C-alpha cells in the first residue's frame, strides 16, 4: 500500500490516519511485509508526520529505576528469571531515597519504578506501596509502576499513594508463543490485571517482543490484542538473547524489525506514547526509534548509575551513555527537545 506512493501520496496517507482511518489486517500484512530501505523510509516518514501532528518536535523523558532484580518467575527470555544464577540486588529504602535526591530538577517527566516479581514485596505488598508514596513525596512527578502481576488491592493502594501509570507487557497475544515465553504464567490473568488497572484510573502500557518466534500473523494478533486494552503507551522491543536463559542461543532471521513495528504502532495508535528505549542500542538506537515515530525516551538511568536495565547491551561497558544530559544533547542535534512538564501531564490525563 505504501510501496508506490510519492511524497504527496504519503502526506495524504498520513492525513487519513490523523482523520481516523483504521488499518485493516490486509493493510497490516502489507506494511509488515515491507523490506527495502526505500519502502521502510516511506513508512517512517508517515509515522513521523502523524507523530509531529500531535506532539511536534517535543519528546518525553522517562527515568528508569530497577530497584529489585529478584523475581519468582521463569520467563524463558529474561536474564532475571529465577533459575538464572546471576548476581542480583534489591535497593534499600534509603538507597532509593538517595537516588530520588539525585534526580531532583534533572528534567524527567516521569519516574518508572520497576522490579521483578520479588517475593520480598509480594509477601508484604505494603512495602511496595510505601516505596511509591516515598518517591512521590520526594519528587512530585508522575510515577509509573512496573511490578508485574500485582493483586488488585495493592494496585488500588499504589494508585491512592500517587502511582499514575501501570506497565505490564503481554509480550505476545499468540497464546502458544506466550506459553513458551512466560512459562507457567496465566495469559488471561496478565491481561485482566492490566484491564483492572485501566478501570481504576491508571494510564496503562502494554508491549510486545519481536524476533522471538513471531511471524506476520502472530504480530497482527498482538497488535490487535494491544488495541483491545485501550492503552496509553505501547511498545515493541527486539528480543536480545540473554546469557543463562533457555533462549540464550535462539537466533532468528526476522524481517519484523522493531523500527518497522514502532512505525506501524504510530499509525494504529496515533496519539499514544511510544517508547524509544535505550536498553538495546543506547542513544544511537534512540535516534533510529524516534525517526520511526517514537516520542518518549525510556530506560534513561540516573547519572553514574550502576542500576540495571532490562536487556542491557551495555552491562559490561565502563561508560554507559544513558544519562539525561546525553539524551537531551542528542535530541537537540536532531532538532527535537524535551516537552514542558505541563504538556506531559496533559497527555497523561490520569
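Keep in mind that glycine also has a Cβ here, set from the backbone N, Cα and C atoms.
Fair warning: this is a prediction, and the values are worked out from it, not measured in the lab.
According to DSSP, residue 71 ([4Fe-4S] cluster binding site) is assigned to coil rather than to any helix or strand. Sequence-distant neighbours of residue 71 ([4Fe-4S] cluster binding site): residues of the same chain at least 6 apart with a C-beta under 8 Å from its C-beta are 78, 80, 81, 82, 115, 116, 117, 118, 148. Look at Swiss-Prot and you will find 71, 75, 78 tagged as [4Fe-4S] cluster binding site.
Applying an 8 A CB threshold to same-chain residues 6+ apart, the list for residue 77 (S-adenosyl-L-methionine binding site) reads 171, 181, 209, 212, 239, 242, 245, 247. Classification of residue 77 (S-adenosyl-L-methionine binding site) by DSSP places it in coil, neither helical nor stranded. The S-adenosyl-L-methionine binding site annotation in Swiss-Prot covers 77, 171, 182, 190, 240, 242 and is backed by similarity to another entry.
The Cβ of residue 277 ((3R)-3-methyl-D-ornithine binding site) lies under 8 Å from the Cβ of 235, 237, 285, 286, 289, 297, 298, 299, each of which sits 6+ residues away along the same chain. Sequence annotations record features per position, and here Swiss-Prot assigns (3R)-3-methyl-D-ornithine binding site to 112, 146, 169, 235, 277, 298, 299 based on similarity to another entry.
Sequence annotations record features per position, and here Swiss-Prot assigns domain 'Radical SAM core' to 57-279.
Spacing of residue 182 (S-adenosyl-L-methionine binding site) relative to residue 75 ([4Fe-4S] cluster binding site) is 5 Å (Cα to Cα, whole number). Residue pair residue 146 ((3R)-3-methyl-D-ornithine binding site) / residue 240 (S-adenosyl-L-methionine binding site) shows a Cα separation of 20 Å. The Cα of residue 190 (S-adenosyl-L-methionine binding site) lies closest to that of 169, out of the binding-site residues 75, 112, 169. Annotation note: residue 169 ((3R)-3-methyl-D-ornithine binding site) sits in a coil segment as assigned by DSSP. With respect to their backbone Cα atoms, residue 75 ([4Fe-4S] cluster binding site) and residue 169 ((3R)-3-methyl-D-ornithine binding site) stand 12 Å from each other. Here the binding residues for (3R)-3-methyl-D-ornithine are 112, 146, 169, 235, 277, 298, 299. Their largest Cα to Cα distance works out to 15 Å. Each of the binding-site residues 190, 235 was scored by other CB atoms within 10 A of its CB, and the lowest score goes to 190.
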